[in-house]
Each structure stands twice: as structure tokens, then as C-alpha cells.
Amino acid sequence: METVLGIIGGSGVYDHPGLKNAAWTAFDSPWGTPSDALNIGELEGQKVVFLPRHGRGHRLSPSGINYRANIDIMKRAGVTDIISISACGSFREDLPPGAFVLVDQFIDRTFAREKSFFGNGLVAHVSMAHPVASRLQDHAEEAAKAAGIKVVSRGGTYLCMEGPQFSSLAESNLYRQWGCDVIGMTNMPEAKLAREAEIPYATVAMVTDFDCWHPEHDNVEVTDILEVMHGNAANAVELVTHLARNFPRERGACSSGADTTLDTALITAPEARDPALIAKLDAVAGRVLSSS
Ligand SMILES: CSC[C@H]1O[C@H](OP(=O)(O)O)[C@H](O)[C@@H]1O
Ligand SMILES: Nc1ncnc2[nH]cnc12
């Protein structure tokens, strides 16, 4: 199968200037309104589908993003792999602003978002034990190094908070005690939904600030973040360019099983399934539902 690299650009990353033969293409989704149209084109000979998570102009707040529609339209566009590019705060002295963290674990503290494509009428439980595809991390790591990014951490735990306010000092200290490395507001439920849609997912988290635990940086402000974000965004563009250049054009089987996760996840008996929900799942779960 030919690979189609999906890029979800977060704060500061609303497009990729190197996309060739590109067109912003609107997709409808039975899950509602996605953040934006998809910019579909080619980068370094690789087919790429780009989605600005907050929409162009950063219109959408983390809680207002329709994560289900976003993942659904990426699946409809044929995306085989997703790289999430995200701004984040850091809980570690050795991950200062400008550092890139190739996250491999998440803690989900969000509470006001739709988190599953499944539910009453078709219940499914997918594993989130290993939410990130190590194969994608390998490519992202290689690309980050080739892009000359100075601090690149392989692995890290991303605490996803609801927001939009930043953490209190007590929360920031608590998350550090939990062993979290970075904090953001968007990668959950995005990673969960990508897993349900059988799209391998990996996060490149770009540190913009020290959250508020750090004695010398005891307040997070968007104006400070924006300054760092512009440099990070330029590095992210470079990283994605290198990633596309070396990305395998043919997709092999995913050792994590992320691309076949629904084989073992559905629990509702076929005769008890809701036809209306099955219809909405045509893209996300068509691979397993069309044959059952
Ligand atoms: C601009 S600071 C807070 C904002 O930035 C991050 O967004 P994204 O993950 O899409 O890069 C963070 O999660 C918040 O939404
Ligand atoms: N400190 C922080 N907390 C949550 N989301 C962020 N995005 C960037 N910095 C952040």
C-alpha cells in the first residue's frame, strides 16, 4: 500500500510552505465539522496531507476542536500515518524551550471532549498501552537530527490537560511528581482516535516554556510562547521536509499492530449493532465492518 503521510500542525504550524501541487480540499465528515480543509500535495516526492489542528488563523480552542471529524477526514483522504506537531510546556530542566520531544506516552486529563468513534450500538475497546508507533518515531528522530535540531529527546510522557487555562502551580508540581515530561492540551483524544481509526500516530512535541513549576519562570504567558513558537515552527517545517524525503513510499505491516487494532476490539454482537452508527464508521472502521 502506498503511504500517505498525515501531518497535524499545532500552534504556530498552520501549513507547510514546501508542499507542491497542493490544494486545500474540503471534506465532509459524519462526525461534524473538522478544523479546516486538508492541504493535499507532495513534499520531496511523498504524498502529504496537512491539517492545521486549530484551523488557519488559530480559530479553535483545544476543547473546541472536533478531533473525531479531523481523524475521520484524514482516514477518508487515505492517510496511512500521522505525525502530530505540538507546542508544549516542559517539566524538565534539561528540556528547555526549543527542545523537541518525541513523545511515547500520554496521560489523559481531558474531560470535555468526545473521545471515541464507538459507543452504544457498537462497543469497541482498543489498547492504548503503546500509543505511539515506534517506526514513526524512528523516522521522526532521524528527521529531527537531519534538520539540525539541537535538543531531541527520544521518549517522554505528555500530560494532556483540558485547558484553555494553563496549570496552577500545584498541578504543575503534581504532574512533575507523576514523572511527566511535557504538557499540552491537544494530543488526547487525538491519539486515541487515531488508534481507533487504525492510523499509526506519533507526536513531535516542541517545548515553548517551562510551565509554571520552574522557580525562574513561574508564569506561562502566550506572548512569551509566541516568540519561541516561531523558531520552533521553522524547525518543524525542516523536520517534516526531511521526514517526507526519507519516508518509505510503501507501507509495511506495523509491528505495534496499530494498523489492525480493530481486529480484536469489537465486542457488540453483529445482530445487536446499530446500523446508523455502522454507517458513520464507514471510513474509520470500514476495513472490519464491511466484511462482518
Ligand atoms: C499556544 S500555547 C497553548 C496551545 O498550544 C498547544 O497547541 P498544539 O498542541 O495544537 O500545538 C497546546 O496544546 C495549546 O492548545
Ligand atoms: N505550559 C503549557 N501548558 C499547556 N499547554 C501548553 N502549550 C504550550 N505550553 C503549554
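Note that Cβ sites are derived from N, Cα and C of the backbone, with glycine treated the same way.
Curation does not apply to TrEMBL; its annotations are automatic.
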TrEMBL annotation, phosphate site containing Arg53, His54, Ser86, Ala87, Thr186 - matching residue among Ser11, Ser127, Ser153: Ser11
His54 (phosphate binding site) to Asp209 (substrate binding site) - Cα separation in whole Å: 20
His54 (phosphate binding site): tally of other CB atoms within 10 A of its CB: 21
By Cα-Cα distance, the member of recorded positions Ser167, Met185, Asp209, Phe210, Val222 nearest Arg53 (phosphate binding site): Met185
Recorded positions whose CB lies under 6 angstroms from ligand 1, from Ser167, Met185, Thr186, Asp209, Phe210, Asp211: Met185, Thr186
Close-lying binding-site residues around ligand 2 among Ser11, Arg53, Ala87, Met185, Asp209, Asp211, where CB distance stays under 6 Å: Ala87, Met185, Asp209, Asp211
Most distant Cα pair in Å, residues Met185, Asp209, Phe210, Asp211 binding substrate: 15
